[in-house]
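Down below is the structure, laid out as C-alpha cells.
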Amino acid sequence: MELLKPNRSVLGSGPGPGASLCRSGGPLLNGSGTGNLSCEPPRIRGAGTRELELAIRVTLYAVIFLMSVGGNVLIIVVLGLSRRLRTVTNAFLLSLAVSDLLLAVACMPFTLLPNLMGTFIFGTVVCKAVSYFMGVSVSVSTLSLVAIALERYSAICRPLQARVWQTRSHAARVIVATWMLSGLLMVPYPVYTAVQPAGPRVLQCMHRWPSARVRQTWSVLLLLLLFFVPGVVMAVAYGLISRELYLGLRFDGDSDSESQSRVGSQGGLPGGTGQGPAQANGRCRSETRLAGEDGDGCYVQLPRSRPALEMSALTAPTPGPGSGTRPAQAKLLAKKRVVRMLLVIVVLFFLCWLPVYSANTWRAFDGPGAHRALSGAPISFIHLLTYASACVNPLVYCFMHRRFRQACLDTCTRCCPRPPRARPRPLPDEDPPTPSIASLSRLSYTTISTLGPG
C-alpha cells in the first residue's frame, strides 16, 4: 500500500528527534514514483505547538498499537484454546486476527520511528520485508472479510446447500488460498521498494516505479481488487442477510399470532402437525437462543421425537395475555443485534479504507495537487484510520460475541487460577457437623429421583 507522506508541517522542520521529512517514513509512507523530492516550505510554529502535536501523535499511535497487538493476540489464544469456538466462522476470524496482528507489528513501528528520527535506519532488507508484509496483511484482511461475508450468507440464507461444503477443512483450504493469493499479489512491492538517500545523512524507504503509467495502473488495480469489488460483495451479502432476517422475523411474528389465536379459540393445547417456517417458505429460521448467543448462526428446524407426557402436561394451560408476543419480541431483539453488527462491519470497512485508496489514486494521477491538499493533519488522520482497522476488527467480530467473552473469562481464569480457600478445621473437643433435616430430605429426594420407580 502507498500513502502520502506527512511533511514537516506536522512535527516541525529539520531532521532529528521530533521532526519528520516531507517524504520519509515506513512502507506506508512511500515516495514518489520518479524519486524526486518535492518538499513544501516548513511552516513556522512554536515549540509548544510542535511538542503538543508530537505528544498527541505518539499517544494515539501507542494506544492503537497496544489495542491491536493485545486484542488480536487475545483472539488467537482464545480461539486456539477453546474447543467450543472451533467453528467455520471462527476459523476465518482467526486468520483475520493474524493478518491484523501482522499489520500492527510490521507496519506501525516502522512508520512512526523513522518519522520521529528523521531517517530510515533499518536497512534495505527490512524495508523490502516490511513493505511486502504490510501489503500481504492488508490483502489478507480484506479477503478474510469477504470470506466471512460469503460464509455467513451461505449459513443464513442457503443453509441446506452450505451444510455440504461448510466444514473446517474447507475453511482451512480457503484460508491457505487467501494467504497464497495475497502473497502473489504483493510481489511488486519488494521488487520496487528500496532505501534512497533524501539528504545529508537522511535515508527513506520508498517505492520506485518504472514509470508513472505503471504506478497509475497499480493504484487502480488495488482500488478495484481490494476495495470496490470486496465492498460491493460485502454490501450485497449483508444486505441479503438483513433482508432474510427481517422476512423471517415477520413470518415468525405472524406464526406466533396465529398460534396464539388458535390456542385461545380451542382453549387447550395446540394440535396438528403444521409446517415450520423453514419448511413453509424454504427460508432459514434462527432460534432465539442461537441468535442471542452467537449472532451469526442459523439452523433448519428438523422434526424431533415428541417427549413423553408429564403430569403437568395433562392439564391444559391457559395462555397468558403475552405468551405469544414474548418469543417474537426476543427474536426481534436478537435479530436486530445481528443486523446492527453486520452494518457496523460494512461501515467500518468503508470508513477505514476509503480515504487510503482515494488518496493513493489521487496521488497516482495528480501527485503535486494531492500533496498540497493532504499533507499535514489530513494524511495523519488517514494513517490513524488505516491502523485503527487492525484494532476495531477484534472489537466488532469477537467482543460482541457472548461465547467469546465467556471464553475470554475462562482463559483468564485458567491462566490465573484462584487459590483454594482453606476450610476451617474443627476444634479437638468439637463434634463433627451433622447433616440437617433439610439436607437429609434433599439427599433422600435425590436418591429416589435418581433410582426411579421400580
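Note: Cβ is positioned from N, Cα and C throughout, glycine not excepted.
The disulfide entry in Swiss-Prot for CYS205 points, among CYS127, CYS157, to CYS127.
Membrane sidedness, as given by the topological domains in Swiss-Prot, is identical for ARG84 and ARG340. Ranking the disulfide-bonded residues CYS127, CYS205 by the number of CB atoms within 10 A of their own CB puts CYS205 at the top. Beyond the ends of the transmembrane segment (88-109), by six or more residues, the same chain brings 26-28, 61, 64-65, 68-69, 72-73, 75-76, 79-80, 129-130, 133-134, 136-138, 140-141, 144-145, 147-148, 151-152, 155, 166-168, 170-172, 174-175, 178-179, 296, 387, 389-391, 393-394, 397-398 to within a C-beta distance below 8 angstroms of the stretch. With DSSP classes pooled into helix, strand and coil, the tally for the topological domain 'Extracellular' (363-380) is 15 helix, 0 strand, 3 coil.
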